[in-house]
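Q: Pulled these from TrEMBL:
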ACT_SITE  Y144  active site, proton donor/acceptor
ACT_SITE  K173  active site, schiff-base intermediate with substrate
Amino acid sequence: MSTPVPPRGLYVPTVIFYNDDDTLDTASIEKHALRMAQGGMAGVVVQGTNGESVHLDADERKLAISTTRSVLDKNGYSHIPIVAGTGMMSLKETLEMTRQAKEAGAAFSLVIAPHYWAAAMTKPVLMDYFTKLADKSVLPVILYNFPGVTAGIDLDSDMIIALAQHPNIVGAKFTCGNVGKVHRVARHTTVDKFAPMGGKSDFLIHGLLAGMTGATCGLCNLFPKVHVDCWTKYESGDMKGARELQDILADADSAAGKIGGLAGYKLAVSKYFGYGNGTVRSPLPNVTEAGLKASDDIFGRLMALEEKL
């Protein structure tokens with residue numbers, strides 16, 4: 001039996017929600033996961049960067065996954081897989097987090113490069129790490145390449161192509177934003193065994209042209225239907241319509257970075273959709289209502305489009 005590959009389509013790296021006492025707000029987690037499913041997401045990524053994985057303890061990680069899995073199953077979305085961020089700083093702990101994620105309901109693991117000892121993470125060391133991980137992982141592994149949070153560690157295309165030959169490594173998320181890398185990897189892998197996945201909204205149609213089969217976009221937390229519409233227009237041949245939406249999404253991705261990224265997403269979710277208190281855990285700074293105003297124009301345009309779909 002072949003190892004499952006992440007289904008084609010858009011994935012949302014869901015933000016996490018806290019109560020005022022800093023416990024997990026499971027009611028908001030449920031509302032958010034359900035809105036994402038209703039918005040057309042092909043998969044839900046729990047404990048990616050936007051899910052504040054590094055701020056959660058093991059019990060909270062399991063609770064976030066099981067809460068998401070339960071609400072999807074109860075509402076007719078059992079077909080939507082959960083991808084769980086399980087990358088830790090050691091092989092042993094990553095394997096344990098992956099085991100716990102599977103027990104909680106995840107179908108795939110998303111694993112970032114270990115980076116505490118960044119200077120020691122040479123290409124041979126990383127190849128050995130990911131190979132040993134894939135050998136023992138109880139979940140299929142998606143490589144997570146995000147140099148911005150790994151002290152600059154950047155998996156190159158040769159490395160990803162080589163790792164893609166492992167039967168338990170089934171995809172890669174390119175938050176590096178390197179479309180050329182996506183193209184090379186897509187060219188030298190097959191979609192039935194490996195899923196190249198974009199990691200931002202600002203190169204959605206560019207990535208599709210390069211051969212990606214999925215995309216995990218933080219902005220989907222706010223505007224899932226607009227992303228699906230852009231994707232659908234591209235795949236149906238409506239390049240003019242896809243380009244028009246891509247223009248807006250590119251500007252919105254830039255605006256999101258200026259208002260604090262995931263902290264801005266969380267406050268915007270509270271503002272536009274009425275759930276969650278919009279807070280992040282320390283040491284990340286919270287975004288104020290005044291700080292969010294910088295995104296009002298572009299987010300307002302996208303919200304108007306979202307409500308029409």
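Placed from the backbone N, Cα and C atoms, the Cβ positions cover glycine too.
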Q: Ten-angstrom check, please: count other Cβ atoms within 10 Å of the Cβ of Y144 (active site, proton donor/acceptor), all chains counted.
A: 28
Q: If I restrict to non-local contacts, at least six residues apart, and a C-beta distance under 8 angstroms, what lies near K173 (active site, schiff-base intermediate with substrate) in its own chain?
A: L110, I142, L143, Y144, N145, F146, M197, G198, G199, T216
Q: For the residue listed as 'active site, schiff-base intermediate with substrate', which of the three DSSP-derived states applies: helix, strand, or coil?
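A: Strand, per DSSP.
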